[in-house]
Amino acid sequence: MYSSIVPSSSNGYYHQSQYQNAHHQHHQQHYHQQSHHHYNGAAAAPVINVHNYHFHTGPVNNQVIEQHYNHHNHVQQTFEENIPQGPHSSFNFSHDFPQQNNSETHLNHMEPSMTPMEHQNSGSSTPYPFEAKLFVPSPAASVSSYSFSSDLSGKDEEDPRIPLKDRGRVYHPQSTEKPKKVPSKRRDKATLDRLRVHKCFYQGCGKVYTKSSHLTAHERVHSGEKPYPCEWPGCSWRFARSDELTRHYRKHTGAKPFACKECSRKFSRSDHLQLHMKRHETDEQDDGMDDFKDFMTFI
């Protein structure tokens, strides 16, 4: 930075310039104080007079001083002409930003809600507004409206305990009571007494039968006659009835013609199969109780 060299003939000009600068600075401070009094939006900024700072990068002569003086007078005159006269008016934002007092006015001008498909078919250029919809289940959608049906195998359809209208659905017992047994095809005692005409006349035996073949087989028990021998090599067994021989012969061959429909087990005797089926009936009752408990827990 070079130091300013001012000739002695220009001292009077600099005294006048300093006086005008002080007057100009005082006038600006007074103007900003009045503006701060009428508008409290911001604090008054400090006044900086750029004309008080003289930076020269070279020697100073009379021509530079005259140019600076003329520029200073021009700036001061322009600033004084632009100063507004009279008290300053405060800012009023009411006419620039009208207030919406009624929120329903905006809602009344909104278009009625439309589905995305209806909005697309209407050909409107405006984007479809987002609508947050809450899913409310229907009161009719209760547990009772759900059906628990499924296809069953032939073993369930053949069960005579299930009514015809309920076949093809899952069987749930209506109560904890055991299902009533279907009466067997065996005849009652009165009917059998009328049909039993074949009586055994051995002393001390009063058995009667509906068929003569049954009476003949029974009489062989008293006489000890066994006309049906086993023909398997090395076997000397003899039987009084042919069905007993057939049953015995299966022990040699290993044949099991009586198969269970519920599982894969097979038996050589029909009475053994009947005993096995009773176990399945007990298991079905237990399963029915478990299904009933699960259903009651679900609802």
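A Cβ is built for glycine as well, from the same backbone N, Cα and C atoms used for every other residue.
Note that the structure is predicted; figures quoted are calculated from it, not measured.
Here is what Swiss-Prot says about this protein:
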REGION    19-38  region 'Disordered'
COMPBIAS  23-38  compositional bias 'Basic residues'
REGION    146-189  region 'Disordered'
COMPBIAS  153-180  compositional bias 'Basic and acidic residues'
ZN_FING   198-222  zinc finger
ZN_FING   228-252  zinc finger
ZN_FING   258-280  zinc finger
Could you break down the residues of the zinc finger (228-252) into DSSP helix, strand and coil, giving a count for each?
11 helix, 4 strand, 10 coil
With DSSP as the reference, give the number of residues of the zinc finger (258-280) in helix, strand and coil.
11 helix, 4 strand, 8 coil
Take every residue in the zinc finger (258-280), average their pLDDT values, and give the whole-number result.
88
Taking helix as H, G and I and strand as E and B in DSSP, count the residues of the zinc finger (198-222) in helix, strand and coil.
11 helix, 4 strand, 10 coil
